[in-house]
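Colleague: I'd like to ask you about the structure that follows.
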Amino acid sequence: MSAEEDKNTRKAVLEESATVKEDSKEYSSSIEEVFSSKEVPSWQKQLTLRAFAVSFVLSVLFAFIVMKLNLTTGIIPSLNVSAGLLGFFFIKTWTKFLEKSGMLRQPFTRQENTVIQTCVVASSGIVFSGGFGNYLFGMSEVIAKQSTEANDAQNIKNPALGWMIGFLFVVSFLGLFSVVPLRKIMVIDFKLIYPSGTATAYLINSFHTPQGAKLAKKQVRELGKFFSFSFLWGFFQWFFTAGDGCGFVNFPTFGLKAFENKFYFDFSATYVGVGMICPHLINVSLLVGAILSWGIMWPLIDARKGSWYSAELKQSSLHGLQGYRVFIAIAMILGDGLYNFSKVLGLTLFGLYRQLLRKDSGTVLPSSGRSSPVIPPSLSYDDRRRTQLFLKDEIPTWFAITGYVTIAIISTATLPHIFPQLKWYYVVVMYIIAPLLAFCNAYGFGLTDWSLVTTYGKLAIFTIGAWAGASHGGVLAGLAASGVIMNIVSTASDLMQDFKTGYLTLASPKSMFVSQIVGTAMGCIISPCVFWLFYKAYSDLGVPGSEFSSPNALVFRNYAILGVEGFSALPKHCLTLCYVFFFGAIVINGVRDAVGRKWASFIPIPMAMAIPFYLGPYFTIDMCLGSLILFVWQKVNRAKANAFGPAVASGLICGDGIWILPNSILALAGVKPPICMKFLSRRTNAKVDAFLGS
């Protein structure tokens with residue numbers, strides 16, 4: 001599940017921000033009145049060396065976390081709160097030390113905190129939009145071998161550090177320049193909410209009040225405890241993984257038969273933490289999908305082996321049971337994606353129509369080209385102050401247009417050298433359309449907090465892949481085109497959300513833009529290096545059943561095969577089942593919207609249901625446990641759970657995620673775990689004992 005597919009995971013952030021808002025009432029009815037005595041630093045002073053140093057450290061940490069999630073399930077929760085909280089902790093600790101020694105020259109401000117959060121999220125965002133768990137790795141020979149179609153040389157490109165870094169540098173910055181001229185329209189004129197950006201801003205504002213700073217210290221303390229526990233637990237588990245099928249991750253929690261169908265708890269601190277961040281409905285939807293697929297459908301289809309598909313096929317063959325798992329999941333995801341794409345596009349067009357009809361000049365501020373904007377007196381003190389400072393530091397429109405055109409020209413000349421199948425005229429067409437797609441996604445993201453990044457990527461796969469054709473490397477061309485569009489659309493919506501966060505914390509648009517540029521540049525180097533470490537350390541990367549099987553890479557490659565070759569690759573009756581689940585996803589979404597928010601909270605989400613169809617239920621058990629822990633905690637003490645739940649979850653995710661670094665180093669150094677712990681049936685164990693005794 002991508003950034004667009006975990007919209008509801010951000011509700012945890014919004015809940016915490018609601019608590020912060022309540023706390024802020026103790027200080028003043030106006031947030032900006034609390035900070036009125038503090039001078040707002042210039043945009044240059046908001047961009048400090050210490051901020052970027054901390055951003056780099058956190059970017060590396062988050063790169064490992066997101067990469068692990070990317071190469072396992074693809075479910076990536078919002079890390080904005082963790083980035084803001086950890087940035088506050090590191091800089092506050094450093095400045096307090098300098099203050100005591102009398103060497104502090106510049107105090108730590110909420111604007112600098114916002115710069116750190118923006119830079120870290122921009123950098124870690126490249127791990128996802130860079131395609132290391134989907135389109136980019138889907139080009140590799142490892143993934144291509146899992147399909148009998150389009151696995152020839154012209155549709156394969158194996159990962160290499162050089163071309164991956166070069167590719168990201170020529171496509172990742174275009175999105176930033178494409179929406180810069182629209183910042184005032186989106187943030188001030190249209191007053192788009194950007195729920196996650198707004199929630200993050202309230203949290204950062206809270207950190208820098210006396211009471212908020214005390215709460216932040218307690219949150220960091222809890223995060224540190226569970227970070228240590230999670231890291232040490234990962235280290236402890238390593239000792240028992242000396243061979244295939246060894247370790248706690250293979251513990252048959254519900255029995256060996258259930259284990260064969262992937263129903264077991266794998267002791268992953270990461271996914272327990274993710275389950276605590278994701279809302280209960282997401283976790284329940286995952287469990288419902290797991291029971292429907294691995295508990296009912298796949299055993300029934302497996303019983304028809306030899307009739308519906310050949311019994312001689314390998315387990316990983318897409319002409320066998322694996323084909324039903326992958327293509328039915330794709331059908332559900334496409335049905336859900338089409339419905340929500342149409343819904344968000346409709347809301348976007350309707351919102352634009354209403355804005356254009358609104359002729360009240362008192363509510364629409366002048367264009368950014370004016371030197372002395374008139375701020376309506378009807379605005380609150382907070383809005384007047386924020387608007388004044390937001391419009392003060394202009395980013396010239398000519399600069400944005402020149403930057404976009406220049407990078408587009410460089411990119412158009414470069415990409416065909418990286419991917420010969422991706423012709424220059426394909427790239428030109430994409431860059432003409434891309435600003436429109438970036439605007440639509442940024443606007444819809446501001447309305448709904450739902451980013452349709454992978455949906456736009458899938459559209460690029462089908463259109464460019466079909467245009468190129470099967471005989472001209474259409475699969476690889478489609479995957480590369482997906483990467484171009486996903487990077488543009490993703491960075492554009494992220495930047496607009498950062499503008500909203502900056503607006504609410506009085507951070508300059510210029511400092512937000514520069515921070516996003518720096519963070520993106522960091523991500524273009526850090527992300528490929530982290531992926532390369534995984535690629536070299538784990539020889540079974542991308543192999544089904546391995547620790548890092550990267551299932552979404554196979555899904556994206558199959559999107560490309562479908563776009564190029566049609567439905568000929570599907571096994572018997574699979575197309576019929578795909579139609580049923582495609583339209584079923586649309587109907588379920590329609591019912592969810594029709595019954596209202598109250599009853600919709602009891603209806604599973606098709607996108608979430610589809611994830612375990614091809615991954616298996618194991619991670620859903622972890623996430624449901626995390627959800628249960630949070631649910632019980634909220635029943636016992638809701639205020640404390642809302643305040644510390646995200647910190648505990650972040651600690652579990654970060655500790656287990658950073659363990660990957662020493663684990664990878666040990667693997668590269670050839671250091672093997674000393675013990676293999678396996679779980680056998682009584683009959684198998686008797687055979688082993690008899691064999692060893694003989």
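In case you wondered, yes, glycine gets a Cβ from its N, Cα and C as well.
Sharing the feature lines straight out of TrEMBL:
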type	residues	note
REGION	1-26	region 'Disordered'
TRANSMEM	47-69	transmembrane segment
TRANSMEM	75-94	transmembrane segment
TRANSMEM	115-137	transmembrane segment
TRANSMEM	160-182	transmembrane segment
TRANSMEM	226-251	transmembrane segment
TRANSMEM	271-301	transmembrane segment
TRANSMEM	322-341	transmembrane segment
TRANSMEM	395-415	transmembrane segment
TRANSMEM	424-444	transmembrane segment
TRANSMEM	513-535	transmembrane segment
TRANSMEM	574-591	transmembrane segment
TRANSMEM	611-633	transmembrane segment
Colleague: Six or more residues out from either end of the transmembrane segment (611-633), which same-chain residues have a Cβ under 8 Å from its Cβ atoms?
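Modeller: Distal contacts: 1, 72-75, 253, 261-266, 268, 270-278, 280, 282-284, 286-287, 289-291, 293-295, 322, 325-326, 328-329, 332, 551, 554-555, 640-641, 645, 649, 652.
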Colleague: Six or more residues beyond either end and a Cβ under 8 Å away: which residues meet both conditions relative to the transmembrane segment (424-444)?
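Modeller: The answer is 174-175, 178-179, 182, 186, 190, 192, 344-345, 347-348, 351-352, 404, 408, 411-413, 415-416, 450-453, 456, 460, 464, 467-468, 477, 481, 484-485, 488-489, 492-493, 496.
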Colleague: So are the transmembrane segment (271-301) and the transmembrane segment (160-182) touching or not, going by 3+ C-beta pairs under 8 A with a sequence gap of 6 or more?
Modeller: no
Colleague: Same-chain Cβ contacts of the transmembrane segment (47-69) under 8 Å, 6 or more residues past its ends?
Modeller: 75-76, 79, 82-83, 86-87, 90-91, 94, 106, 112, 115-116, 119-120, 123-124, 127-128, 132-133, 270, 274, 511, 514-515, 518-519, 522-523, 526-527, 530-531, 534, 548, 653-654, 656-658, 660-661
Colleague: Give the nonlocal contacts of the transmembrane segment (226-251) in its own chain as ranges (CB under 8 Å, at least six residues past its ends).
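Modeller: Sequence-remote neighbours of the transmembrane segment (226-251) are 259, 264-270, 273, 547, 647-648, 651-656, 658-659, 662-663, 666, 672-679.
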Colleague: Are there residues at least six beyond either end of the transmembrane segment (115-137) with Cβ under 8 Å to its Cβ atoms? List them, or say none.
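Modeller: Non-local partners: 2-3, 46-48, 51-52, 54-55, 58-59, 62-63, 65-67, 70-71, 74, 76, 79-80, 83-84, 87, 91, 143, 159, 164, 167-168, 172, 200, 204, 453-454, 457, 461, 479-480, 482-483, 486-487, 490-491, 494, 498, 501-502, 507, 511-512, 515-516, 518-520, 522-524, 526-528, 530-531, 542, 550, 552-553, 555-556.
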Colleague: Counting only residues 6 or more past its boundaries, what in the same chain has a CB within less than 8 Å of a CB in the transmembrane segment (513-535)?
Modeller: 43, 47, 52, 55-56, 59-60, 63-64, 67, 71, 115, 118-127, 130, 132, 137, 159, 161, 164-165, 168-169, 172-173, 176, 180, 395, 491, 494-495, 498, 541, 548, 660-661, 664, 668
